[in-house]
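K.L.:
Before we start, here is the structure in question, set down as structure tokens.
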Amino acid sequence: MLFLNAKFIDLDLGANAVIVNEEDLKGTSYYPQDRVLIESHSGSVLGILYSTKTMVQKGEVGIPVRKMKGISLKEGEEVNLRHAEKPESIQFIKKKMDGQVLSPNEIRTIIDEIVSKKLSNIELAAFVTSTYVNGMNMEEIVEMTKRMAETGDMISWEKSLVVDIHSIGGVPGNKYALLSIPILAAAGITIPKTSSRAITSPAGTADVMEVLTNVELDEEELKRVVKATNGCLVWGGGVNLAPADDIIINVERPVSIDPQPQLLASVMAKKVATGIKYAVIDIPVGKGVKIKNEAEGAKLARKFIELGELLNIRVECVLTYGGQPLGRAIGPALEAKEALEALTDPKSAPKSLIEKAISLAGILLELGGSAQIGDGQKLAWEILESGRALEKFNQIIVEQGGTPKKPEEIELGKYVEEVRSPIDGYIVGINNTSITNVVKEAGAPRDKKAGLLLNAKIGNKVKRGDILYTIYSGSEERLNSAVNLARRVYPVNVEGMMIERISKF
């Protein structure tokens, strides 16, 4: 056992990290990454041990303030450190790494220990990798989904019909929800939209909406907003919905993987937790997104529908074109601006954005009884064109704590680089992966003002010197790095009509 004095530090290492000077560890049985219990007169909390030469002095233990829930300490107070038992779920993670099927109890134990932060980031990464490599059967996914929902807030509603739209993501600029949700809410349909922050894309719905208003609402605030407006657009982590999901996402994000079992459970756990009865799942298909072809998309759709049936949620899936970005704007601020422009003047907005938004909203208008089968898309367009969707969107912004803005009032990164066409020709390809990587290199999604604006899309004719796209960043260094990356990965591909001249055989 070690006796040390608590020192509060502002550092987030993911798990409940505790930091000890390496001099205090010499000659002991304590090693970095050991699991330890921090004990004081007020209680105890589990932590993962890290060592340092300079961050804390000999005789101190560094405790990240934001992570030490469950214990009340004063700085300088003496605490005890002792070895903690290894989590039970470690053996079950190894079992999944070996490709075996997990029992319901084993899955519940893993999720419980993720939520209680008994697992280190390394152990979490092992679990995520095991499901990425070996997958899960439907029984495992159902159990994981239920437990992910049960370990967080479970929201109930006065209305019996509550709906949701969700995209599995992967498409840069996928901002459809900022149009679809206010369309549905304006029609009187209850749609409490909760979403994750970006995992593999440069901006999630929550990242984009955060440019315009507060997205971190608790359960009571969320219910108040929905009661006032019929809808909301908030971050699921702020409401404590399926808390294991955001912990897992933080492990997935650095390596840009989203294992299908986690994808299914992540999406549907939040539907269970928010009391959803009808859900439309958008599955983008195309080069550079998660689902490469229609056959693969149909297979995933069947899994979503089956999982929904087992959870008593009616699910319809839509395969959408994902071969290039949705609209022209990629990155939180740029996407928020484009969404506002589309709500303000839908006739001038990118057709791909409008078509996707009203198509998805139209399905739920039909399922919810607001429109006859086949008339949903028409009604969605009428609500959008009339200005009712913009009015509802601004109402949601206000209720969530923001102030409505005009598109031109949204600030973009002050460091800008225009990339021009080297030849006369046509846009023959836009690489989603390259676009995503360039925008991330520019600083998105953490830098809300970072992004990329496409001046041309596939099939457009361009002349030499025309602007192909513009990169924005809040950092000159990040902008230069993004531009250098763009020169290597060619986000936009231009080709002339003449491929090669051949005069001899």
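Don't overthink the numbers, they just go from 1 along the chain as shown.
Positions of Cβ are set from backbone N, Cα and C atoms, glycine also.
The following feature annotations were taken from Swiss-Prot:
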type: ACT_SITE; residues: D258; note: active site, proton donor
type: BINDING; residues: G170, S196, R197, A198, I199, T200, S201, T205, S266, K290; note: AMP binding site
K.L.:
Give the residue from the recorded positions I199, S201, D258 that has the most other Cβ atoms within 10 Å of its Cβ, counting over every protein chain displayed.
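P.N.:
When each Cβ's neighbours within 10 Å are tallied, S201 tops the list.
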K.L.:
What three-state secondary structure does DSSP assign to G170 (AMP binding site)?
P.N.:
coil
K.L.:
Excluding near sequence neighbours, so keeping only residues 6 or more apart in the same chain, what lies with its CB under 8 A of G170 (AMP binding site)?
P.N.:
T200, S201, P284, G288, V289, K290, I291, G322, N432
K.L.:
Highest Cβ count within 10 Å among the binding-site residues R197, S266: which residue is it?
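P.N.:
Compared across R197, S266, the most Cβ atoms within 10 Å surround S266.
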K.L.:
Assuming the binding residues for AMP are exactly those in the record, G170, S196, R197, A198, I199, T200, S201, T205, S266, K290, what is the maximum CA-CA distance in angstrom, rounded?
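P.N.:
Per the listed residues, the maximum Cα distance equals 17 Å.
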K.L.:
Which of the binding-site residues R197, I199, S266 has its Cα closest in space to the Cα of the residue listed as 'active site, proton donor'?
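P.N.:
Closest by Cα: I199.
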